[in-house]
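Undergrad: Positions annotated as domain 'Helicase ATP-binding' by TrEMBL: A:291-458. TrEMBL lists A:Cys521, A:Cys524, A:Cys561, A:Cys564 with the feature Zn(2+) 1 binding site. If you look up TrEMBL, you'll see A:Cys530, A:Cys533, A:Cys548, A:Cys551 marked as Zn(2+) 2 binding site.
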Amino acid sequence: MTFAQIILPLNLKGTFTYKVPDVYLDEIEVGMRVLVPFRGKKIYTGIVTEIHQNAPEIFIPKEIISILDEFPILPNEQIRFWNWLSEYYLCNLGEIYRFAFPSSLKLESETYLKLKPNVTVDFELLEVNEMYLIQALEVRQLINLTEIEAFIPKKDIVKTINSLIDLKYIEVDEKIAEKYKAKEVAYLKIEDSVLKRNLPEILVELKRSPKQQELFLSILEKQTEHPEKPIRKSEIFAEGNYASTQLKSLSEKGLVQEYYLQKDRLEAYSGEMEELEKLTDSQLVAKSEIDAAFATGKNVLLHGVTSSGKTHIYLEKIQETVSEGKSVLFLLPEISLTKQIVQRLEKKYGKQLGFYHQKLTDFERVEVWRKVKNNELKVVIGTRNALFLPFQSLGLVIVDEEHDSMYRPREVSPYFNAKDSALVLAKTYGAMAILGSATPSVETYYLAKKGKLQYVYLGERFGNVKLPEYQLIDFKEAQDLKRVTGNFTTEVTEEIQNELHQKKQIMILHNRRGYANVVECESCGYVHYCSNCDVVMTYHKFSDEMKCHYCGQKATKPKFCPKCHSENLNVRGVGVEQIFEEISRIFPEAEIDRMDVDSMRKKFAYEKLYEKIENGETDIIVGTQMISKGLDFDDIELVVIPKADALLYVQDFRAEEKAYQLITQVSGRAGRISGKGKVMIQTYNPHHTVFQLIKENYSLKIYDHFLEERRKFLYPPFVKLILIELKHRREEKTNRASQFMGSILRKYLPEECILGPEKSPISKINLLYQYQILLKLPKGKKYSEYKNLVLKSFEEFDELPAYRSIKRIVFVDF
DNA sequence: AGCACGCCGACT
DNA sequence: GTCGGCGTGCTC
């Protein structure tokens, strides 16, 4: 008797044992997908992780219904990687599976199918099951696997579905994914077949509708002028000359085609491939250091100051890897900030380059998945979920902007740090890895210092351009000298004025959304709290509403105090909207734009503003941390941080590190070409160590400072942190559960390892109360021992059924 | 996770 | 009298 261990897409511990039917004995392999029954009538797509002969003793396994793949879909390396993730981050394999696979590769009973819009089905070519399914779908739009069982034998269901998906007749309905739908842009084109027709003939056809004729001609003109340049629909309608009905008639007549492209693929390049530029001397040195490290099997931290040309070096290493016949994974924190690297790689690799990120539709994901599986892609640019692609022979993994916190978002499960995981993935594939950043995380820097990573430093800007100069401005002193307007010192406004005169652009960083942090009643001190969360709501003047930044709830701004009915409501806490308003008042002549999540919410708002800045139509850009990423413009020379202290006063042991990273990153936008970059930092504490060290701009010293602090107060990289969060709708229950958890942990672990339980800093989010316990565990051998004890504690906790409704989230290395 | 079973409160 | 809340148990 042969059995198989199967991962199911459920948040349950471990794998499940199924019996392999004799007919499948020859076919089944580890890494294949199988269809299995679970809990009565449910069907899931599982993954085989093990095939063995050990009959389970305490239950009777069910049989595998069918095998879905001819060949394993998941490489062994990935299975090992999943196992590592599950053990290291204390999460279930099922969660990883769910996160890793595009949904149409893991059909389950609740997966809904639908007919693709506007398809004509050729029934002649369909086999009987396929026909049944199409007919059923014609009657009702959505149908799920359980329902299909009524008319197709279980065994054949998935085969039928897959074949119809391949024929492009049906698709998987994305109920949840709808929200994240990739942004698409409408384009227009005139088909070749139309172009071949005789033009006067077409014009005669359109004689009776002159507007259509005009529209057709204008599209034709654009298309003939720049045959490679796609024509945006919005571009045609922007001038307001045409109505959409006219376009509609043209497309009905088959003269003009409307089609859609992914926003990220706008730059899709179809021209000839480009050779790489030569490396500069300092880049050559860095590259040879990388080569030497790789030769000894050591991965690299590439610490390159802003504009030092890390990208050049990446490109060089990518090319080497590809020419060895291996593929490359290039990780980015977010897909939107990729213009330069994407353009350059696209020119070089054309069709052998793929993108994989959270915003793709399921269909697009499967496409990339398939290509990676077939080894058609040499280079994949992607966000953290690209770690799970079925690479065949990975040779190099690059993690760009390795310090970026987007590599470990706290809100999506499973919780893992993509930067650390990338190193493990590389190792399982026998690939090398480069972590790159202008401001490495303290942990990574420490690894390099310890020699676990090779430290490669690029301290020179490309073209030997000077680094920006920092100026610390004592705000208190300026106030005393009455040289202050609102949140700006005269020194700063004069400098801005000066830059404006020289037609240079200015960036102002203020990392706080909205207009005001707090709306407060002057008479009784009442402040407006979110009804779902334990946080004050932020006032957004632009949209004139109160927003909760944690649950997204919106409310109207109160006109009077609900408690004492006083109309004396005041706002406190400066947000970016206020800074924007102020600067607009001080410089009424200047063109000023604001860039933050709230102002960039509209479709293409980001692209539009990007273009505007690039064209030099914007003088001053006011924004949150968003402006520190991906905006490389030549004419920015001045960066102002009016309220820099706000960056430091955050309840987070990484606050100083993050402040340093943010300030350095945004400063990197200044003087990239001219070398005359200047950064003005207004602060009440000009003598604060962090500001002083930033001003000195000597990175070794600042990292030593951070490391010293971390060592003193026992934080990573000197200890391992595990944060346990317990959540429930009822506060009392959450509190009791956390006390109970604390007492169990204290049974097994030394007292000094356990902090809490205590209320989380934000004690309620989305109606759930939160308590937390922070574990500070020693590194090294002891760590795995202690971690097992933590697991044991969890098991003990779970034995008490009363607390089973408590949600538990565990962050390892948080 | 998700689903069924079972036990107690506010409604036609 | 029932509908529906969620606590509990179980899934190969």
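Even glycines carry a Cβ here, placed using N, Cα and C.
The model shown is predicted, which means the values in this text are computed figures rather than measured ones.
Are these features on the surface or tucked inside, and what touches them?
TA: On the 0 to 100 pLDDT scale, the domain 'Helicase ATP-binding' (A:291-458) averages 92 in the predicted structure.
Sequence-distant contacts (6 or more apart, same chain, Cβ under 8 Å) of A:Cys524 (Zn(2+) 1 binding site) comprise A:Cys561, A:Lys563, A:Cys564, A:Ser566.
For A:Cys533 (Zn(2+) 2 binding site), the same-chain residues lying six or more positions away in sequence with a CB closer than 8 A to its CB are A:Cys548, A:Tyr550, A:Cys551, A:Gln553, A:Ile762, A:Lys764, A:Ile765, A:Asn766, A:Leu767.
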Undergrad: Hey, what's the Cβ neighbour count for A:Cys564 (Zn(2+) 1 binding site) at 10 Å?
TA: 13
Undergrad: Round to the nearest Å and give the CA-to-CA distance linking A:Cys530 (Zn(2+) 2 binding site) with A:Cys521 (Zn(2+) 1 binding site).
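TA: That comes out at 16 Å between the alpha carbons.
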Undergrad: If I restrict to non-local contacts, at least six residues apart, and a C-beta distance under 8 angstroms, what lies near A:Cys521 (Zn(2+) 1 binding site) in its own chain?
TA: A:Val527, A:Cys561, A:Lys563, A:Cys564, A:Ser566, A:Asn568, A:Leu569, A:Asn570
Undergrad: Between the binding-site residues A:Cys530, A:Cys551, A:Cys561, where is the Cβ count within 10 Å the lowest?
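TA: Checked A:Cys530, A:Cys551, A:Cys561; of these binding-site residues, fewest Cβ neighbours within 10 Å: A:Cys551.
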Undergrad: Per DSSP, to which secondary structure element type does A:Cys521 (Zn(2+) 1 binding site) belong, with helix, strand and coil as the options?
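TA: DSSP call for A:Cys521 (Zn(2+) 1 binding site): strand.
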Undergrad: Residues other than A:Cys530, A:Cys533, A:Cys548, A:Cys551 within 8 Å, Cβ to Cβ centroid, of the Zn(2+) 2 site?
TA: A:Ser531, A:Asn532, A:Val535, A:Met537, A:His549, A:Tyr550, A:Gly552, A:Gln553, A:Ile765, A:Asn766
